[in-house]
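Visitor: Heads up, here are the entries from TrEMBL:
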DOMAIN    1-84  domain 'CARD'
REPEAT    653-694  repeat 'WD'
REPEAT    742-783  repeat 'WD'
REPEAT    870-911  repeat 'WD'
REPEAT    988-1029  repeat 'WD'
REPEAT    1029-1074  repeat 'WD'
REPEAT    1075-1116  repeat 'WD'
REPEAT    1117-1158  repeat 'WD'
Amino acid sequence: MEEGARSCLLQSRSSLEQDIRASYLMDHMISDGVLTGDEEDRIRKQAAALLELLLRKDNQAYISFYNALVRESYGDLASLLHNSLPLVSPEAEKSFSDGGTRYVQAVLSEGGVPQRPVVFVSRPALMNRVREKLYRLQKEPGWVTVFGMAGSGKSVLAAEAVRDHALITECFPGGVHWLSIGQLDRSDLLVRIQSLCFRLEQQSQEKDPSSSLHRPPGSLEEAKERLRFLMLRRYPRSLLILDDIWDSSVLKAFDIQCRVLLTTRDRSLAECVSGPKSEVAVESGLEEGQALEILALYVNRKPQRLPEQARSIVRECKGSPLVVSLIGALLREFPDRWAYYLHTLQQKKFKRIRKSSSYDYDALDQAMAASIQVLSKEHRELYIDLTVLEKDVKVPAKVLSVLWDLEPEEVEDVLQDFVNKSLLFRDCHHRPYLYYLHDLQLDFLAEMNRSGLESLHTKVVRQYQQRYSQGPPTSGDEECLYWFRFLTYHMAKANLTQELYSLMFSLDWVRTKAQIMGPAHLINDYLEYSTILDKENSEVRGHFQEFLSLNGHQLEQRPFPDVVQLALSQPDSSEVYRQALLQAQERATRGGLYLDWVNKSSLKSLSRLVVQPHQGSIYSACFSHDGTKIASCGSSKTLRVFKSTSGEKLLEIQAHDDEVLCCAFSPDDRLLATCSSDRKVKVWNVERGTLMRMFEDEHEEQVNHCQFTNTRRRLLLATCSNDKFMNTKLWNINKPSSQNTMFGHLEPVNHCCFSPDDAYLSTSSSDGTLKLWEVSSANEWKSIDVADMFSEQREQTEVMVKCSTWSAGGRTIICAARNAVFVIFDTNQCVWHLLPYPDQRYTHTQPDMTSYVSSLQLWDIETSKKMADCSGHLSWVHGVQFSPDGSLLLSCSDDQTVRVWETNKVHTSSAVCLKRDSDVLFNNGDITVVAADNRNRLNGRTGAVMFQSENQESRICCTAICSQTSAVGLGREDGTIQMPSGTSLATLQGHTRAVLHCQFTPEGHTLITSSEDTTIRVWRWRTGECVVLEGHKEQVRCFSLLTTTPSSETHLLSWSFDGTIKVWDMSSGERLQDLVCHQGAVLACDVSPDGQLFATTSADKTAKVWSSASWECVRLLNGHQDCVRSCRFSWDGRRLATGDDNGEIRLWNVKDGTLLKICSRDNKDAMDSLHGGWVTDLHFSPDNTVLLSTGGYIKWWNVEKGEALQTFYPTGANLKRIHVSPDFSTFVTIDNIGILYILKKVE
């Protein structure tokens, strides 16, 4: 059965099973010969069993089932299958109708109906539509118009429609009479009608010898009356077929109240005659399978044995019946000219495709020209302007209104004329209507106007510039989309290089187009026109392309980000940054807020492209074998295919009912397999996006992985699952059940992989083994107990083999288990080598590997040396793959992105990765940052590294810098505090567990530390004296100094996961207050500027305001829907800001506790949070008009309106704390991948 028919049955299966009575349908199908009595007994009247059997049968069974639905009044269900009716051969067609009876042949022969072409393929859906209209003529005269463009097969279709015994006997017992018209003048028309009248009279005399022949009519009026008499008196209930009508005046000669079927290119012709009318539109092209069958019949081959050029010919002409037939006839004479005729089509040399059939024109170009010549001169000039359109592009009338400088209503009238004459097609599924040309029409126009193409495109650009002189359209409608998509195309074709440079090297154009169309189209433009742009400045073109490629996932966000702010993160040498800085400076004079990342020069992104194809984790991504496409899938239950160069979406399918765990291309890239937690395996047609095959009954648990064979010799699909025993299967996709099942693993199989020559399949299992299977026999060839390689740890935890892959030569297998990677050089003796990095995952096309955590690493397996660090992902990396040529590396992650890396450009970065626990000192414009790095060294820097300690024996947990003495303190995991001094370290010992926070007092003599050991220590750090504050029952993560009046002593306020706040006398260590504040952990606390109040927030989703005089709660603030993680008083003490783990920020009136504003985005972003993560820190500006917040990114808010003023997107995420200069002009923070950000307001 054809792929389209099978897919339609699968998609309609549930509706059919619910509604049909199988017994009613099987009688018809048995009489058609597609079901046997034994099959009827096995089905036992069950609809599901009938459909299962039907899926295993051929096209004839599908058509028989469809006809049975129609006969049994299941019209609504038949309509589901109608558009996918498969083609059948003439012999098969006869088995379902009486089209081949002698009676029908006699009637049609007498009426002059052309015989079926020697090479013929049925178009059942269209033919049934015509017959349906003809049946309406059974009771009364009328008109049926069959219309379509030149060469669409109208005449063959009309002749085939009446080749039906039931139709003739029931509707047209008087006969069927065919008259070919064409482009005629009045004298020629008279001759044609005279000939028809003579033929009718002669046939009448043969039946009734008493009737006599009349002299030929002498005028058209007399001929019309003679024909009327014959059709009404001697041939009542007969059908007159008028083939190829061009002119309404010709048609009026046949307005004689009879039954007429006419074929034409102009659908409006029938408006000039009287009587009921109906019409059938003939699609301009055959289905690919039908067109290939025609070519196969001409050259006497099976369709599947045709060369690849056959498919290309069909695609090039969009299945035009005329072109396919002409080329097929030529190939019958010259069967080795496939490439020649394909080249002829591609080069638009239509004159070389000359007459080899009974068609009326000597060459294809003459057939096209004839249609255009019937237009008025004015309309012909307008039609020529359509030469500038791109293939397969539909345009609204408003675009042509700009081009022609006409009112939209006038344009629509012109277009209606073109549509009526089949010179243009209209898509009525859109409002307003969209219009398009067939490829052949467009090719003909391009060939006819080859010398004037440049001036035609120039006209388009000039008309656009005149209409939109004040700026591009931003309405987002179809007209707006057209200009953003194709303005650059018209400029390039018009050779307007300066206009193209100015447009594409403009940040304004990038911003507007990205907002309306997304970044992928822009990236395509820079790739497509790179040759032109590079003549002006290849470096600038690279700047814009890199900016879009690496920020595309940000530009997909809604609300749309500020492109100027994004561009300020580009290198200072970039033209994108230069333009952004100028715009930011200009906007700052008008009150705009922009941040310049002043220390970014040392960073370089190693990614080539970043795409966010799904909402949710991405579990699998893979290259197509030609490297041009990428497929991805994940928790969103969807499958997406996009361009590997730009990320432009090519296909998106709602693939499964649960998470899609893996996707894989077939060797020829025509198919995609997916597997899912819903236990189903599906195979999709990539080009059409249709379901080809579904395997849903054999796996009983989630299917973890799927992979096609690597070569085309014998296409197999391997799947593995969480099933207990039958967990690895091989499938032939042309069969409904699995071909083989591999038995041996006793636990879930996580991954399977074919060897490069497809002789073996490797499987990786949670039972701790790697097994190799012979594909031909499905027998186990070798089992490698990877768990034995962890002999010392095996008894403590289970060893799960995550994945495996083969080297390109197939001699080496690499597998990952627990925190190790094993390179197995000799499978017979299990000679292996261990690579020194945890949790890796690999590809099978290159002998290199990457890590399974949030950073990727590239290794050389022969030398066991790391080749590159690829940092950028913000969460677990689930899959990696090299492109077929090894030049690119693909990775996908829980952070919802797919990244593409250039393997020859990635490298091990020398940049220091800092920890987020840091301290910053602002001093007269100088900025000093103190933080630990990824090598556990203490770093002090003012942009460049100021000092760097030796590696610490214990992990550094927190740091502090003294504003008075520039002393630095660091707290370690082992509970010690280190005080670097020159080249030596002073050590303060006392804490028994990790030090979580440390802070110097303002005068600098005292260092305060808190710890996991539940204590706080107050150190006279120069002497080592210490006061211990004990009382908390859980770890103390932070504390704050509390001064109620300028003259009073400074007390210490501490909070803990135990839900309490405690107030301490730092000198004596006395606990002054012990407040049980919340039912959950206290997560944050802030003291008002005057010291009279302090606020607490908690995991119990509340915030509270306390009096430092009475130590009582004065305000309870409810409303947050998640843990309240941060809080901050405004400098005037009138407002309190609180932020929660859902990304929401609330502004409260401190005086009465009322809610003033909720600062949040219009909708949730891709990370399922309003702030890209928890709101971890808050700061008010000194004038209390701006609020700063950190989370997944940094935001500045208008306090009065609660609206976002600006957003800064870091490379990483999960910002923990931000340090703000006293004048609110400089901001310092570190993200979760260790990048330091020093941001300064643009003035």
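Cβ atoms are placed via backbone N, Cα and C, with glycine included.
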Visitor: For the repeat 'WD' (1117-1158), would you mind checking the mean pLDDT of the predicted model?
Guide: 95
Visitor: For the repeat 'WD' (1075-1116), what are the same-chain contacts with Cβ under 8 Å, counting residues 6+ beyond its ends?
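Guide: Same-chain contacts beyond the ends: 1034, 1038, 1040-1045, 1053, 1055-1063, 1122-1129, 1131-1133, 1136, 1138, 1140, 1148, 1150, 1153.
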Visitor: Within the repeat 'WD' (1117-1158), count helix residues (DSSP H, G, I), strand residues (E, B) and coil residues, in that order.
Guide: 0 helix, 22 strand, 20 coil
Visitor: Give me the DSSP three-state residue breakdown of the repeat 'WD' (1029-1074), ordered helix, strand, coil.
Guide: 0 helix, 21 strand, 25 coil
Visitor: Run through the repeat 'WD' (653-694) and tell me, per DSSP, how many residues are helix, strand and coil.
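Guide: So the counts come to 0 helix, 24 strand, 18 coil.
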Visitor: Could you break down the residues of the repeat 'WD' (1075-1116) into DSSP helix, strand and coil, giving a count for each?
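Guide: The counts are 0 helix, 23 strand, 19 coil.
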Visitor: Of the residues in the domain 'CARD' (1-84), how many are helix, strand and coil by DSSP?
Guide: 63 helix, 0 strand, 21 coil
